[in-house]
Every structure is written in C-alpha cells, then in structure tokens.
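Comments concern the structure below.
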Amino acid sequence: METAQQLDKPALDTNDAARDKAINEQVTMTQDTPYPDQTVGNPFVDDPKMRLRDVEVFYDDNQAIHGVSLDIGKNEVVSLIGPSGCGKSTFLRCLNRMNDTIDICKVKGSLHLESQDLYDPKLDVVELRARVGMVFQKPNPFPKSIYDNVAYGPRIHGLANKKYDLDEIVETSLRKAGLWEEVKDRLHAPGTGLSGGQQQRLCIARTIAVSPEVVLMDEPCSALDPIATAKIEELISELSESYTIAIVTHSMQQAARVSSRTAYFHLGRLVEMNDTETVFTKPEHDLTEAYITGRFG
C-alpha cells in the first residue's frame, strides 16, 4: 500500500518542453482533423469488469478528460495509448481514485467495478485500492526487506492469520511476479538493492499479494532496459489469466504485444478503441492513423 508521499504525481509541469510540444502538435492536428462525434470502433463489451461512462476530470477549471466512455472486460489486457499530455495516465488514475491525492482534481461520471460505484462516498478507498492495484512508472519499493515489501499489504488487510500463511502469500506472489528464484535466498535483503527490473517485479508482487481483481500499470517499463521490459511483458501475459489489466504505454510496439484491445487518447478524448490488431493495421479515424504512423506524438 503506497502512501501519498510515495506516489508518483501526474505530470502537471507546464515547463516540460517535450510535453508542451506534444500538446501543441495535438492541437494542430485537431485543427485539420476534427474529433469524431462519438468514439470510433468498439469501446464496449458484454459483462464488463469495469464500466466507465461519461468520465470527466478537472484540475481546477482545466478539463483534462472529456466525456470518456469505455468498458474493460474480465481478464482482458487493455492498452491506453496516445501522445504526452493526452490524459491517458490521468484517466487510469481515476480507476482506483489515485487522483484523490490531488486537492484540485475533481472526477465526474459513472465509474463502476462490476456493481460497485467507485466514487460512492461510503466506499473505503483503501479497500478499493486493494481490489484495483496500481504499478507505477518508476519502481517504488518500500525501504524494507524484499519479504516485508510483499507482506505489507496482506498484514494491513488481515489476509494472513499465521506466519505460515504470510510466508505462503509472499512466496506465491513472488512466483507469480517471476522473481522467486532470483530472491528466495535473500528475502530479508533490502528491496531497494534489487536491479530496476527486479524492483518493478517486486512492486508487481506487492500489488498482487492482496489478491486484486484489477491491476493498473502506468508506463511500467519506461525506466527499464529491453531485457527487463521483455520480462515484464511476459509477466503481463501470464497475469492476465488471473487479473484484469489496464496499461498505459508510450510504446505502440508494447501495446501491440501485450493487449487484446487498445484505446487511443487525444487531448483528453477517447478517439478510437478496438481490438489491437485493428487499431494498428486498419485504424478508422484519421487522428489515430496520424499517431500510429508517426506524423505527430
């Protein structure tokens, strides 16, 4: 369980030249190519795990997300793609209320995890974040041992009555994260002493240790080398057998490799969502095609 101080904050820095350039390119594109009246493709599924309708996000008076509606299916891997500043990470953080940590942020719309209203005032947000876990862009292991990083959540949520039970949860989580064989003989070593790729897999183990239903990943490989990235991508495929996964990525190649459906965001709007192969080989909207062919972004 991450504290507010340990969370990566959304990119709100207007001095970020690359981000500003990407936003300006998006504005220029929409001057020539208007948004569709509604999202192109197939953003909805039967019997969704998460049902999201007319989602809007504001930072004070600045609207970051404009009326996004989509479904995420059970045990589906969905990729959210788009240029810097398009709102994909902001949208992802709505799904387990990480945006609550930002005082000026306000979320509107209907967001449900099956029948549960995610923004019900009576909802225990800590419990929600156990059901909908998050893996961040930069690995953020706690300053604790490898064992205690994974055991932290189960202890907080009372998932283990005995040390034997806790040991089993830790081992199972590390195995699912593909890390057990690498750390089983040094479980009490600091988690911060692992390599970057190992740290990210430790964070994934920490997330799944509380048995979430959904795992959100915000650019989980952006700070990793190609070998570590390949391990995370293989892990995503394996985890999808047990969990529903939504991943934000700047890498279109990664989206193509790991996801069954892909959603393209542009200046806070969902332009197109469809099965991944269709989005990348036969995009239906000109803005999507312009992005995936490298004309901007």
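Including glycine, each Cβ sits where the backbone N, Cα and C put it.
For reference, Swiss-Prot has these:
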- G82, P83, S84, G85, C86, G87, K88, S89: ATP binding site (BINDING)
- 50-292: domain 'ABC transporter' (DOMAIN)
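Other Cβ atoms within 10 Å of the Cβ of S84 (ATP binding site), summed over all protein chains shown, number 18. Of all Cβ atoms in the shown protein chains, 21 besides its own fall within 10 Å of the Cβ of P83 (ATP binding site). Ranked by Cβ neighbours within 10 A across all protein chains shown, the binding-site residues G82, G85, G87 are led by G82. Look at G85 (ATP binding site): DSSP puts it in coil.
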